[in-house]
Amino acid sequence: MYSPPLHFADTETWRRTFLLSFQSLGVVFGHLSIGPLYVLHTASSSDMTLDTLFGILSFIIWTMTLIPLVKYVFIVLKADDNGEGGTFALYSLLCRHAKVGLLPNNCDADDALLAYEMGRFYKNNSDTKHKWTIEKSKQSRYLMLMVALLGSCMVIGNGVLVPAISVLSASLNLDDSLASISFKSAEHREAQFEKYAPVPTACFILVALFVLQHFGTHKIGFLFAPIIIVWLLFLCGISAYNVFHWNYRVLYAISPTYLFKYLRNIDIRSWRSLGGVVLSIAGSDAMFADLGHFSKRSIKIAFSFLVYPSLVLCYMGQTAFMSKNWDPSRKVLPSHLVASMPGGTKHIFTLLSVLASVVGSQATITATFSIINQLQALNCFPRVKVVHTSERIHGQIYIPDVNWILMALCLAFTIAVKDVANMGNATGLAVVIGMLITTCFMSLIIGLYWGKVFEATLFLVFFGFVEAVYLLACILNFQKSAWVFLFFILFVLIIMLAWHYGTVKKYEFDVNNKVSIEWLTNLGPGLGVVRLPGIGFVYSDIMTGIPAFFSHFVVNLPAYHQVLVFVSFKPVPVPSVPPSKQYIIGRMGSKEFKVYRCIVRYGYCDSIRDVNIFEDHIFRAIGEFVSLEDRDPVPPNLLEDRLIVTGNLDQEGTAFITVTDTTSIDNNSDQVDEESPKTGSEHSQILPSTTRRRKVRFLLPPDSPQMRPSVREELLELVEAREHGMTYILGQSHIFPHQRSNFLRKLAIKLYIFLGHNCRDPLMVLNIPHAAFVEVGMPYYL
């Protein structure tokens, strides 16, 4: 049966809520929880006074209150996209409720189909002047796509920065602890461990972390929550001791008085210190990005009652110790943090910090996998292999190619930068830019989707101002290794834009060069064109007409199959499309030509179906279409415009009955796997090379008075054609930049060509039997 994505209703029980809250601590809040390892070290300076230290603490407390608690917990979490969150979830909401989309197959010609696609997802709001203005401005649409891609780049950038800075911070703790055990000479420890050991130790931990990724969060996720809980409770106990033992006056920093005093005496050095303060909220966006794995209530409870108070108390404890023991000569992190550990708790702290760093890194890596999967589904990222590590939760995925690239980049960044403070500058820049993008999109959601323009303006001005202050602080630290991060972001953004541009131009070429069904049907036996027995599946990116590569094929080889099915995959800006709404079937031309169109729709959290899984579903959907069409006939001139959404294909329909024979076949067979009829390609990724599958045969039901003889005859011809076998016809595009294009367009097309040659083939090519696969070359001048 179809297993829908994990969403949660309002009737969620409290027992379920507390269980999800427990699990979310290890997945959602790992990054936030490791902030004490590097926040105060990055924000502090050598000439810091007591008032400056208290001012930084006040900034940390109020920043954590306003951004994670007020903005994300109480406002942003309400803007979920059917249970999914993140930058692209907000962008998809805008694409649906205001016509701002530029993605392929999201064009005005598809408006009627897109409205039908939304089904229960679509919510029709009254048009406003502001919405109309944005919809009519093409520059605004391009800007929104650019901002959405930039926000995605921030997530990918965090996938490199966070593992590097968190693991290096923990390795400094580990090396200091090992040195204190192994050596008695302080000078020897300084020379041998603090200088040489941290980076190799961090690299070893990073390699181990990325090697473990192929097991998936489903298997190791339950280990994360207890680690974070123990880590937070341990910090709470130590921090409470430090507050009352060293300086209880840090409790006064809750008052915004110290914050305004800090601003009154601010200078360039103080502005730069705020770039370290922003690290205290790094990971807040995970509450929204990982919303599809949990429920809103569980995330709110976990943050409000454990994570938020624990971190505030921890920063108070660190500040209390530093106020009495500040030593600007301590350059290596985390000298003050380790020194604040009383008695024999330093080694316990070291172990917990290493484990917590791995957990925080895991959450960021998982978020990177998720955003790349969403980008790939909407044709904004080159094709990569996606392995689903969970059979039910769609968001739990593993991308091998991206995993190894992230590992190489993390190692290179750790070895090149080495200093945690400089890493913090780059991480802070990524955090604040990502939050500003969320603020911009959220204000548009409030104004255009919720219809509250005044509240949207207040939201944008207030939170935009707060985050702009931190953005300025991060810009002032630009020369301190943050430029490395910007170059990386620019490189990823160029790849996304080039791939998107090439995909759009290729789609426009297909639309402009398509031919009508009349052109095909007029090629009769009198012109030497013959019909071959069997079914031909023609895969195309366009939703209407005959693709140019197929007309090129027929002109050079005048023959095509007895039954033709033009299959198109259409991305829909929703998280997931259920099977009952996934297939749209239509007829092209008159009935005697047996030419059909099948549109397979998928959301940005769905997996495109593998050919071995949905082949029989398409055949069953066509049979159901023939039966439904007979009950509601239309004029012949409207046949090609007639599209019908078939019902639930996991149940027996009225057109065919199925008979299964269990046989042993391999993945290269053209038989169909019906062993696990669930959506997505995750099962095909998990199956070994040889497995037990069931060969499905279709039979017509016994004579029924409701089925007309003409319908029965057409269904019988379909069954006979299927028995003769199926052929899969795909176009192979040979792309060349147009001679009249300018330099930038030629460069984008050449980069698109390079990426196309070096990324994975389209998913439909992967498991098609070689004997039944026909590839048609077609030149494209873009």
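Every residue, even glycine, has its Cβ placed from backbone N, Cα and C.
Nobody curates TrEMBL annotations by hand; they come from automatic prediction.
Taken from TrEMBL, the feature domain 'K+ potassium transporter integral membrane' applies to 21-521.
Among the features that TrEMBL reports, domain 'K+ potassium transporter C-terminal' is placed at 533-781. Mean model confidence for the domain 'K+ potassium transporter C-terminal' (533-781) is a pLDDT of 71.
Annotated region 'Disordered' per TrEMBL: 666-689, in sequence order.
For 20-40 (among others), the entry in TrEMBL reads transmembrane segment.
The transmembrane segment annotation in TrEMBL covers 52-74 (among others). Sequence-distant contacts of the transmembrane segment (52-74) (same chain, at least 6 residues past either end, Cβ-Cβ under 8 Å): 32, 39-40, 43-45, 250, 252-259, 261-262, 270, 273-274, 277-278, 280-281, 284-285, 287-288, 299-300, 303-304, 308, 311-312, 315-316, 319, 322-323, 326, 435, 439, 463, 466-467, 470.
Feature annotation from TrEMBL assigns transmembrane segment to 142-175 (among others).
The transmembrane segment annotation in TrEMBL covers 222-244 (among others). Listed as Cβ neighbours of the transmembrane segment (222-244) (distance under 8 Å, sequence separation of 6 or more from its ends, same chain) are residues 22-27, 29-30, 33, 36, 250-251, 306-307, 310-311, 313-318, 320-321, 340-342, 345, 348-349, 352-353, 355-356, 359, 362.
TrEMBL lists 271-289 (among others) with the feature transmembrane segment. Among residues of the same chain six or more beyond the transmembrane segment (271-289), those with a C-beta under 8 A of the stretch's C-beta atoms are 28-33, 35, 38-45, 52, 56, 59-60, 63-64, 67-68, 72-73, 76-77, 85-87, 155, 158, 162, 299, 303, 311, 315, 360, 363-364, 367, 370-371, 421, 424-425, 427-429, 431-432, 434-435, 438, 469-470, 472-474, 476-477.
What TrEMBL records for 301-321 (among others) is transmembrane segment.
Taken from TrEMBL, the feature transmembrane segment applies to 348-372 (among others).
Residues or ranges marked as transmembrane segment by TrEMBL: 397-417 (among others).
Residues or ranges marked as transmembrane segment by TrEMBL: 429-450 (among others).
Residues annotated as transmembrane segment in TrEMBL: 456-476 (among others).
Same-chain residues lying 6 or more positions outside the transmembrane segment (483-502) and placing a CB less than 8 Å from one of its CB atoms are 103, 145-146, 149-150, 152-154, 156-157, 160-161, 375, 379-382, 409, 413, 416-417, 426-427, 429-430, 735, 745, 748-749, 751-753, 755-756, 782. According to TrEMBL, the feature transmembrane segment maps to 483-502 (among others).
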Looking only at the recorded stretches 348-372, 429-450, 456-476, which one has the largest tally of CB-CB distances under 8 Å to the transmembrane segment (397-417)?
348-372
Can we call the transmembrane segment (20-40) and the transmembrane segment (456-476) in contact, meaning three or more C-beta pairs below 8 angstroms at a sequence separation of 6+?
no
Leading stretch by Cβ pairs under 8 Å, where the reference is the transmembrane segment (142-175) and the options are 301-321, 429-450, 456-476:
429-450
